[in-house]
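TrEMBL has this to say about the protein:
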- B:152-215: domain 'CBS' (DOMAIN)
- B:216-272: domain 'CBS' (DOMAIN)
- B:297-317: transmembrane segment (TRANSMEM)
- B:323-350: transmembrane segment (TRANSMEM)
- B:371-395: transmembrane segment (TRANSMEM)
- B:401-424: transmembrane segment (TRANSMEM)
- B:436-459: transmembrane segment (TRANSMEM)
Number of protein chains: 2
Amino acid sequence: MSEHEAPETRREDEDFGLARDAVSAVAAALEAGDAPALAQLLEGMHPADIADLLEQLDPEDRRELLRMWGSELEGEVLSELDEGLREEVIAALSPEALGEAVRELETDDVVDLVEDLEEEQREEILAALPADDRAAVEQSLAYPEGTAGRLMQREFVSVPEHWTVGDAIDYLRAAEELPEDFYHVILVDPRMRPTGYVPLGRILANRRDVPLKDLRDESFRTIHVLQDVEDVAYVFNHYHLISAPVVDDDGRLTGVVTIDDAMAVLDEEAEEDILRLAGVGDESLSDRISEIAKARFVWLFVNLLTAILASLVIDYFSEAIEAAVALAVLMPIMASMGGNAGTQSMTVAVRALATRDLTMSNAWRVIQREVAVGALNGAAFGLIMAVVAGVWFGMPMLPVVVASAMVLTLVSAALGGILIPLALDRLGVDPALASGPFVTTVTDLVSFGAFLGLASWILL
Amino acid sequence: MSEHEAPETRREDEDFGLARDAVSAVAAALEAGDAPALAQLLEGMHPADIADLLEQLDPEDRRELLRMWGSELEGEVLSELDEGLREEVIAALSPEALGEAVRELETDDVVDLVEDLEEEQREEILAALPADDRAAVEQSLAYPEGTAGRLMQREFVSVPEHWTVGDAIDYLRAAEELPEDFYHVILVDPRMRPTGYVPLGRILANRRDVPLKDLRDESFRTIHVLQDVEDVAYVFNHYHLISAPVVDDDGRLTGVVTIDDAMAVLDEEAEEDILRLAGVGDESLSDRISEIAKARFVWLFVNLLTAILASLVIDYFSEAIEAAVALAVLMPIMASMGGNAGTQSMTVAVRALATRDLTMSNAWRVIQREVAVGALNGAAFGLIMAVVAGVWFGMPMLPVVVASAMVLTLVSAALGGILIPLALDRLGVDPALASGPFVTTVTDLVSFGAFLGLASWILL
């Protein structure tokens with residue numbers, strides 16, 4: 001941020017997101033039981049900020065806020081809430097407050113809200129909706145999770161493909177209800193199949209007698225209702241789309257995906273990759289301690305097994321260590337370098353697979369590149385460590401052992417780091433989730449095995 | 001993806017992105033020197049896909065393609081290209097082809113294209129632009145990198161705030177040039193300060209005599225021209241914006257940021273976090289081997305220093321290892337568990353800081369939570385490892401040592417994993433970049449130190 005002094009219209013920092021002192025101010029009002037002060041603080045606050053506030057309050061304050069102010073809670077706050085907290089907040093609301101809140105929401109937001117809820121809460125929310133909204137939500141829920149059918153909104157604007165600008169304007173002016181956000185008028189043939197779309201700006205910029213057909217935008221692409229949301233996000237990002245019609249098996253228009261939904265998916269995917277690479281599930285700050293510990297336990301347990309495997313290798317060479325304790329001192333360096341180099345290669349590979357930069361067309365070149373990088377850095381660190389080991393322990397052949405083991409370790413770390421994600425991806429397993437333990441196993445076994453094996457052979 | 005059989009309008013898989021066999025088909029045409037076949041393959045291909053194709057071809061084929069087809073290359077392909085390849089491709093184009101390509105681009109795309117180029121290439125591109133475009137690009141380049149001024153487009157639609165729907169439509173119809181994409185008409189006061197905006201859909205849906213003021217959207221927010229792009233992306237994502245006016249120090253309208261630019265920033269930030277957490281710089285698959293090796297070397301070297309530090313701890317306890325080689329066998333397990341648990345906590349903390357879910361309001365609660373999770377898993381793995389060590393080595397007090405060291409290791413890994421990113425963030429250092437080595441140092445020192453120290457004390 002700049003040092004510039006800010007005149008009237010320059011937005012203050014706290015305007016971007018929840019104000020810094022809002023949490024403490026709300027907590028103070030709650031502790032004082034001061035309902036008017038609380039209402040004044042929350043009034044006019046954006047639903048996304050109220051959701052953040054609920055996430056940051058401690059559990060007791062949160063319950064108190066919902067007790068004092070729950071009847072005013074907007075439906076959008078529920079949409080914005082962290083999934084881990086939704087159940088708690090929904091359970092704390094009175095049936096009337098909950099009903100009022102969800103009736104304000106667009107159907108795609110209701111779908112997003114209820115899809116991860118327990119059956120009972122889901123039923124409670126669906127029951128609060130008017131019959132036609134409920135039907136629309138249930139129809140969306142009938143599509144498998146993670147498909148465009150779940151992501152799309154059912155509100156859209158479509159007109160016959162032979163219409164003119166004037167026809168479209170008259171139709172829109174006469175329409176009783178229009179979608180909250182729409183960026184294109186979709187042209188459809190008599191069988192309701194989309195054949196193109198016209199950006200609203202072009203309709204506004206042209207005379208009434210211009211045929212809509214002449215204003216179609218070339219970015220037009222349809223998405224199948226069963227398309228994976230990850231693919232949908234990729235298409236939006238790759239082709240810079242702003243909205244895309246969703247069609248069913250017969251090519252008929254059934255909904256529209258807009259860029260904000262695609263952006264949310266993209267954001268979630270990246271988040272998921274980051275957390276999975278670190279061996280953390282889809283955890284969030286509002287999850288319970290026992291849940292978090294359990295989820296992380298699984299990953300640590302897998303890691304324990306690979307570590308024990310590595311220890312078996314060390315045990316196999318225990319005579320060498322008894323003969324030269326320098327080996328015990330140096331071997332964690334080898335393992336650490338192998339682990340880190342493997343993680344580097346693996347992370348690049350996992351991301352490149354996710355962004356589709358790594359494909360079968362260039363895999364072979366990328367593998368060669370990784371091996372070359374591993375060999376280069378293996379040689380460099382082999383040299384450095386040879387000097388360190390020589391100076392430190394003064395054993396004549398130790399530098400040779402260290403240097404050779406380092407090259408072997410970094411080359412196999414590079415190979416493991418690229419081949420394992422590629423193989424997992426081919427097998428249809430998420431490489432972000434499963435690569436880590438395999439790569440660690442490879443780097444541990446090679447680093448300890450090569451170092452201690454060479455040492456037994458050359459030194460003893 | 002679904003098993004459904006696809007009728008006419010169902011898009012084929014390869015329609016999402018570059019077709020699977022396109023790379024080999026293009027390579028074949030290049031090797032045969034078949035210019036018509038090449039032109040046919042590339043014609044009608046989306047610029048984003050041609051960029052992908054250039055990235056996936058091997059360097060020789062890429063040069064050949066640019067030689068045979070470079071004069072047809074659209075400017076958008078240059079925008080879509082990986083930064084690592086841009087210089088190479090630009091250098092391979094003839095001055096005429098390059099000039100033609102960049103003249104097609106919108107000014108914000110030219111800014112994005114030239115900002116990372118060498119002075120010489122930048123000058124060549126700027127010289128190819130018409131005078132007014134060149135001035136606009138230079139004005140944007142005058143803003144610091146990473147600010148809204150660099151991200152915004154200078155094309156926008158603004159009208160006096162007292163206008164009606166009819167006024168706006170007449171103005172738009174008469175306008176000679178409109179921005180490629182715009183989603184709002186921005187209302188400005190007589191001093192060109194934005195006071196609100198109206199979504200195009202509302203203009204289309206209302207009668208000519210309705211004042212635009214009555215149709216303003218409540219999502220309206222302005223962004224300062226010097227605002228950090230990360231903040232801009234956050235605001236778009238948090239408040240679900242589709243576009244936002246950019247203002248200067250006097251509050252005057254100077255440009256517009258649209259959601260696709262914000263989406264690109266968000267994507268880059270997440271990418272950066274993932275790579276930085278793994279100790280990889282901003283590398284991409286098209287970087288040269290020597291560059292990649294050098295960038296990764298730096299991180300591995302930092303890691304080597306922390307590993308040597310850990311080895312000094314081991315060396316300090318070498319007598320204990322000589323007395324009981326079981327210690328050498330088990331100690332990598334302790335280090336590995338500590339390192340992984342630390343990475344888990346650290347990754348969650350780094351992400352929560354990036355998404356602003358972790359703030360000073362809830363830091364204390366999150367720290368307590370991490371410690372509790374560390375203690376729980378420390379106890380669980382302490383127990384497991386006590387049994388393993390007991391069965392494996394049959395040394396009477398070894399299980400006690402292993403269990404105590406495991407609890408200490410996992411609790412300090414949790415503490416290090418949360419406190420280090422928090423501290424770095426406070427100091428204004430990117431926690432994704434710098435947390436890793438510090439956390440590793442903590443977990444290595446504690447795991448080796450606690451395990452070998454307790455062993456010397458209790459066992460010997």
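Cβ coordinates are placed from backbone N, Cα and C, and glycine is handled just like the others.
Curation does not apply to TrEMBL; its annotations are automatic.
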Same-chain residues near the transmembrane segment (B:401-424), Cβ under 8 Å, at least 6 residues beyond its ends: 330, 334, 337-339, 341-346, 348-350, 353, 358, 363, 366-367, 370-371, 373-375, 377-379, 381-383, 385-386, 388-389, 430-431, 434-435, 438-439, 442-443, 446-447, 450-451, 454-455, 458-459
Chain residues in Cβ proximity to the transmembrane segment (B:323-350) (below 8 Å; excluding those fewer than six residues from its ends, i.e. six or more beyond): 273, 277, 310, 314, 317, 358, 366, 370, 373-374, 377, 381, 385, 389, 392-393, 395, 398, 402, 405-406, 409-410, 412-414, 416-418, 420-422, 431-432, 435-436, 439-440, 442-444, 446-448, 450-452, 455, 459-460
Long-range Cβ neighbours of the transmembrane segment (B:436-459) (under 8 Å; 6 or more residues past either end): 277, 279, 299, 302-303, 305-307, 309-310, 313-314, 316-317, 319-321, 323-324, 327, 330-331, 334-335, 337-339, 341-343, 346, 395, 397-398, 400-402, 404-405, 408-409, 412-413, 415-417, 420, 424
Structural state census, the domain 'CBS' (B:216-272) (DSSP three-state): 25 helix, 14 strand, 18 coil
Predicted model, mean pLDDT over the domain 'CBS' (B:216-272): 92
Tally of residues which DSSP labels helix, strand or coil - the domain 'CBS' (B:152-215): 20 helix, 17 strand, 27 coil
